[in-house]
Amino acid sequence: MAFKYTSFLIIGFLLAVSCVLSTRAVTCPTDEDDLSYIEDPTDCSYFYECSNGEATRYQCPAGTYYDPDIVRYLAADGVDCGTRSTTASGSSTTSASSSTTSATF
């Protein structure tokens, strides 16, 4: 029984650490007064809006991916995601250090 409990604690800790590390991978420009947008480095379904050096993570609507070349989201088949993952879009999630919101341009 103690092994199961310890396993759950370790898995929970690793998930929390991975959430924190993934949100810190984006650095917003600090010298810009206007909004800027940055692709999520690991997932094509997300992007970041930068304002005053702070990043807010947004999720693209279902069936779309963020295209950093035109700073918009497009139909999934029209975006080259490279090595970024392509998870299903459409739901909101919250992690320990950042919130995720569905986006509409």
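Just so it is clear, glycine is given a Cβ too, placed from its N, Cα and C backbone atoms.
For reference, TrEMBL has these:
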- 85-105: compositional bias 'Low complexity' (COMPBIAS)
- 25-83: domain 'Chitin-binding type-2' (DOMAIN)
- 84-105: region 'Disordered' (REGION)
- 1-22: signal peptide (SIGNAL)
Model confidence over the domain 'Chitin-binding type-2' (25-83) (mean pLDDT, whole number): 91
Tally of residues which DSSP labels helix, strand or coil - the domain 'Chitin-binding type-2' (25-83): 3 helix, 25 strand, 31 coil
